[in-house]
Amino acid sequence: MAGRSGDSDEELLQTVRFIKFLYQSNPLPSPKGTRQARRNRRRRWRERQRQIQSISAWIISTHLGRSTEPVPLQLPPLERLNLDCSEDCGTSGTQGVGSPQVLGESPAVLDSGTKE
């Protein structure tokens, strides 16, 4: 893949194909049978999925030599964060939308409910 150093494109593609094969080797369980049988099949399927996920993480970390987790984003400390609305903050494009209407007298729907 473009911009990657340390491993070739073919090695990365081969690893991805192998992990894809692992996931395809565990199809969804059949919806047939009693409730208990379906529940047991789903439980075994979920366990196999967890095993495949851990094997895939191991393959990526050892074979390709990189972490499965993305690099964490470095955020500034909370003390430095502030909201300063002295400037035009977030109102662009919303001017005139939902502006309040001032009525001379209250409409009939707000009357006390007595008929004249």
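Note that Cβ sites are derived from N, Cα and C of the backbone, with glycine treated the same way.
Taken from Swiss-Prot, the feature phosphoserine applies to S5 (among others), supported by sequence analysis.
Marked as phosphoserine by Swiss-Prot on the basis of sequence analysis: S8 (among others). Counting every protein chain shown, 10 other Cβ atoms lie within 10 Å of the Cβ of S8 (phosphoserine).
Helix first, then strand, then coil: DSSP counts for the region 'Disordered' (24-49) stand at 16 helix, 0 strand, 10 coil. Per Swiss-Prot, the feature region 'Disordered' maps to 24-49 (among others).
Taken from Swiss-Prot, the feature motif 'Nuclear localization signal and RNA-binding (RRE)' covers 34-50. Residues 26, 28 of the same chain lie 6+ residues outside the motif 'Nuclear localization signal and RNA-binding (RRE)' (34-50) yet bring a C-beta within less than 8 angstroms of a C-beta in it.
What Swiss-Prot lists as motif 'Nuclear export signal and binding to XPO1' is 73-84.
The feature region 'Disordered' is assigned by Swiss-Prot to 86-116 (among others).
Residues or ranges marked as compositional bias 'Polar residues' in Swiss-Prot: 89-98.
Swiss-Prot lists S92 (among others) with the feature phosphoserine.
Positions annotated as phosphoserine by Swiss-Prot, on the basis of sequence analysis: S99 (among others).
Mean pLDDT, taken over the motif 'Nuclear export signal and binding to XPO1' (73-84), works out to 70 on the 0 to 100 scale.
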